Every structure is written in structure tokens, then in C-alpha cells.
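Colleague: Before we start, here is the structure in question, set down as C-alpha cells.
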Amino acid sequence: MKRILVFLLAVAFVHALERGRDYEKDKVCKDLASLGREDFTSLSMVLYSRKFPSGTFEQISHLVNEVVSLTVTCCAEGADPDCYDNRTSALSDKSCESNSPFPVHPGTPECCTHEGLEKKLCMAALKHQPQEFPTYVEPTNDEICEAFRKDPKDFADRFMYEYSINYGQAPLTLLVGYTKSYLSMVGSCCTSPNPTVCFLKERLQLKHFSLLTIMTNRICSQYAAYGKEKSRLSHLIKFAQKVPTAHLEDVLPLAEDITTILSKCCDSVSEDCIKELPEYAVKLCDNLSTKNSKFKDCCQEKTPMEIFVCAYFMPASPNPELPDVKLPMNKDVCDEGNTKVLDQYIFELSRKTQIPEVFLTKILESTLKSLDECCHSESSTACLNAKGPQLTRELSSFIQKGQELCADYSENTFTEYKKKLAERLRGKFPDATETDLQELVAKRSDFASKCCSVNSPPLYCNSEIDAEINTLQS
């Protein structure tokens, strides 16, 4: 662990390099000296793979080589005082060339219209959208060792690249720590007399680390997609659907706490930050274990992290018989200092409504935006009274269509779901050919498999929901 901590000292280098601030040069050079060239290169591979997940291995490698060369040259004794600034400027200029060997970003052309420090700042601010569908598949033990023995450095670089582009939303401390631990395992097991036994033992040791990295990548991806306010809304909806027998006072602090943790930790390099997750799991049990039998079962897991994972994947519970929920249209919705009226409405609607969170977050964002516009109009009361019926109709229509798109999915196996879906579509389109029907079943079931579960990826599903709802209307 001490080695990992030292490894993380160089994180500041990337920020300094991208910002082009000379005052950080001394710190960069000290970090490089304490880290050594090999580990500095490894860290750069993780950082830039994470920053440019659509880049190829060759593109990331080119960039890493340039970064390492720049650092070593400009930190050498007797180096030109302008070396650092000149080389970082040249690096950003090279990124703008049409035949640049570096990874590209959709925002790169805009950055390239700027000059000097402004260009570097623009490049540094570029971020890719989260990878919502990781594709990394771990090779077999034999394949791992064959590649490792052939070229240990190439194996390490490719693993760090593959793992980082797939799980790059995990906090940097976890991502770096896990990749280093994994490579240490490979180095030990591929040179041991019995690799199979070694891998079995070492993977067991790494299980918690691996789970934590993968889980934080998932929740931080959702946070990156939603932002702080929508993330709070999303978690409130999920808790209301998972534990509909709870009260708002039970779940609202949990939704706010997890949002705060993610806002602090997803981009943090502090090791202490992620320790808040196990503490949060304990609070989950304190608030909800007596409200729901499935939650109570989750709280029987051995470790806080296992409790958190269990709660995360827990499906929505059957909703109890509840009265209809009316969209609040009085002046209380405009009280920015008191969100309880809207929070109560969101909670009541969510625990009564059987459609996935991505659907509710999508329509509620639009509804809340319309309410906010009324609150900032000349006559908020008149605006609310005028828009209220229309918003209620739109909300009801959207929920109905969402229920149609996801009908039968959560209650059945995928095979049974497809059978029921085919029956429903056959009844809805009696004149459709068998080929057309099969294509429609395949398309709709693929949509359901990605967007009809409790933790569906928001970026992907946001546009897909619109497309599928349009097919219902056509």
C-alpha cells in the first residue's frame, strides 16, 4: 500500500502539465524523482487511458511516451528554465495537427482555436462521457501467463490501458491501486510452480478490491452522467421504489448522503474518501432494514461493502395500494429554501409508479424545469394554474408508455419475458409478418435489457427512451 501511495504523488503532474503552470514544476520534478521513471510511466498510462477512453492503445502510448520524455528532459539537472513551458506548449500544438498520433476528443477542434495557456486549459477541461457498458473480459490464466512471459512490459501496459478505459470513472486511488495489485498478482503467479493455485489464492485476496473498483465505477459513471442535482433525484426515486413502505424521512437523508459522497469522492485522490461507502452501508441498514424484508436480507451480508452491493442491485419492490398523487401546483413549490413539497411528491409518485428510475428521472426533470420556469415568471400562481393540467397529462402519458415498454420485464426470466412480449406484439400488430415480428421483439427486448432495470445507464437510455416512445406513437 505504501508503494501505491507513493505512486499517487505524481497525480499532480498531469494537472500541472495540462494547466501549464510553471509554479508546479518543482513539485512535478520532486514527484518524478521519488517515483522513478517506470512507475511514472505506468501512472501516465492509467491517467491518459482514463481521460481518453475512445483512444487506441497506440494513441495513448504515443501520448504517454511524449509525457514521460518531456518530464525526464525538463526535470534533468541543467535543463533550460523554459523547457517545461515550451514542451507543454508543443505538446498541445501537436494534439491539434491533422495527423496527430495522440487520442482525439470531440472538443479538440474548439480548443485548437485558442492559443498558449488558454489552449492548454481548454484541453485539460475536456472529458469523455462515461463508458456505460464495460467490455473488458479477463483472459484465462494460460492466456495471461503466455502474454506476460512473452513481454511483461507490453502485457502490463495493455492491461492498464484496457482496464482503465473500461473502469475509468472509479476514483483514481482505487483504479491505480487495483491495477498495480493485479499486475503484482500476475508477476507472482506466472512465475510460480503452480499458477492455478496461486491465481485462485490471489484472486480471493483481491476480491474486495476488485468489487470496490467495479462498483465505484458504476455509481460514479451514473453520477458523471447526471450531475449532483439529478443524482439526488435519481437516488430518491430508487429508494422510494425499493422500499415503498418507508417514509420520506427514512430515505431522503440516504439519497442526499450518497450524492454528497459521490460529489466528493469520484474525482478525489484521497484514500480516506472512499472509506465513507462502508459507513454509508451501515446507515442504510439503520434506516431501512426494518422497513423491507429484502433490505433486511441485504443487511445480513458479511461486510459493509457486500451490504452496499446487495442494496444497489436490489430490484424495485411491489408497490402497495396507495392513493393517487397530485402534482403540487401551489406557491410552496417555489420556495427555494424548502424542497420538501417537491421531495414528498417525487417520493410518493416513485413508490406508486412501476417504471424504472431512468424513465421517472427523465420526465420529472422536464416537469420540474417547467415548474421552475413558472416560479420565475411575473405571475407564478397564474403560470402554475395554466400549466398544471398540461404537465399532469404529459406526466401520465409518459408513465403509461414507459409501463408499456417495460411490461413483464422485471417479473420474468428473459426467455419468459420475450415470449410474453411476442404475444403482446402479435396482438397489437395482427397483420405483421413473422419476420417483422421477430425483429420487433429483438429490438424491444434489447431495449428492455438495457433500460428496464433499476440501475439502467442514463446516457444511453435517455435517447433510446425517446426513440422507443416514438415507435409507440407511430
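Just so it is clear, glycine is given a Cβ too, placed from its N, Cα and C backbone atoms.
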Colleague: Return the single candidate from CYS96, CYS122 listed in Swiss-Prot as disulfide-linked to CYS112.
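Modeller: Looking through CYS96, CYS122, the record in Swiss-Prot gives CYS96 as the partner of CYS112.
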Colleague: According to Swiss-Prot, the disulfide involving CYS334 connects it to which residue among CYS298, CYS374, CYS375, CYS383?
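Modeller: Disulfide partner per Swiss-Prot record: CYS375.
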Colleague: Which residue in the list CYS285, CYS310 does Swiss-Prot annotate as forming a disulfide bond with CYS298?
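Modeller: Going by Swiss-Prot, CYS298 is disulfide-bonded to CYS310.
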Colleague: According to the record in Swiss-Prot, which candidate from CYS383, CYS406 pairs with CYS452 in a disulphide?
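Modeller: If we follow Swiss-Prot, the cysteine bonded to CYS452 turns out to be CYS406.
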Colleague: Where Swiss-Prot annotates a disulfide for CYS266, which of CYS189, CYS190, CYS198, CYS220 is the other cysteine?
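Modeller: Recorded disulfide partner of CYS266 in Swiss-Prot: CYS220.
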Colleague: Swiss-Prot pairs CYS83 with one of CYS74, CYS75 in a disulfide bond, so which one is it?
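Modeller: According to Swiss-Prot, the disulfide partner of CYS83 among CYS74, CYS75 is CYS74.
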Colleague: How far is it from CYS190 (disulfide bond) to CYS83 (disulfide bond), counting Cα to Cα, in Å?
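Modeller: Here the two Cα atoms lie 42 Å apart.
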Colleague: Mean pLDDT, the domain 'Albumin 2' (209-393)?
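Modeller: 92, rounded to a whole number.
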Colleague: On the DSSP side of things, how many residues of the domain 'Albumin 3' (394-474) fall into helix, strand and coil, could you say?
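Modeller: Summed by class, the stretch gives 62 helix, 0 strand, 19 coil.
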Colleague: Taking Cα-Cα distance, which of the recorded positions CYS29, CYS198, ASN287 are within 10 Å of CYS74 (disulfide bond)?
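Modeller: Passing the 10 Å Cα cut: CYS29.
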Colleague: Looking at the disulfide-bonded residues CYS29, CYS198, CYS374, CYS452, whose Cα is closest in space to that of CYS145 (disulfide bond)?
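Modeller: Nearest candidate: CYS198.
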Colleague: Taking each of the disulfide-bonded residues CYS198, CYS406, CYS461 in turn and counting other Cβ atoms within 10 Å of its Cβ, which one has the fewest?
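Modeller: Taking CYS198, CYS406, CYS461 as the disulfide-bonded residues, the minimal 10 Å Cβ count falls on CYS198.
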